[in-house]
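What TrEMBL records for 1-24 is signal peptide. According to TrEMBL, the feature domain 'NFP/LYK4/5 first LysM' maps to 43-102. The feature domain 'NFP second LysM' is assigned by TrEMBL to 106-160. Under the heading domain 'NFP third LysM', TrEMBL lists 175-223. The transmembrane segment annotation in TrEMBL covers 241-266.
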């Protein structure tokens, strides 16, 4: 189309790229079988994984709204504090869903309110992170145009899921968790993340040992119990928030200890000075007493003649008391 104006060429190119993405999604070979097993219960409570993403899905409240569930149920399943609504980007969550058969396929149907610019493809790949695809949504909503959706209308989006078969239940497999395979994943990494057997993962999903073809597609993770997801992203955030508080408390306690130590040292020094002064005063008194003791505690004996001479024969002029005379 070189004969078209530049802006028209750009528009055509964008349309071609968008169409290519849709065709690519429709041609993706999802080898995981999401059909309803004949020996499985008609419905079951299970889980799908969800990755917290900015800007709209970094809170439990916003995520719970698109899954028709409560923030508390997601928090409990995801090993989070019930009141901790804030999330960290790329934090992995477990979302509880009710899985059942729709036709011959297993889905967890959830209602979504269409916003400005939404399409089946956009919502499936962004809001629901490929837990469904636009073809499944179109099959369930045949009267709606995939790309011209009325704003505010409620559309049912079927999320891929599956209930354990009787054989799996006999092996104590309680849940088949729906997980969207990431480009950097491998069987060993995913099995460690969910506490699942690598053999069970490979058996449930027909990709062999190489899951490269499963990139950005939902797969099933068989587990015997609900996994305890790592809380490192949330903990890192909490640690970042609490670090200044911890530093402040540490500095405050250190300062308090220094003040108390200084006060104790001052009191101790003051006490020692007082004791030293008391000891010095006592020592001085002892010295004075010992100095005068030679005079007051040991009277000198005089001869009678000397006394009479000194007092002029006990003259009245020398008398200063009843029987005391000066000499």
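Cβ from N, Cα, C; glycine included.
Because TrEMBL annotations are produced automatically, they should be read as predictions rather than curated entries.
Averaged over the domain 'NFP third LysM' (175-223), the predicted model has a pLDDT of 93.
When the domain 'NFP second LysM' (106-160) is classified with DSSP, helix, strand and coil residues number 15 helix, 17 strand, 23 coil.
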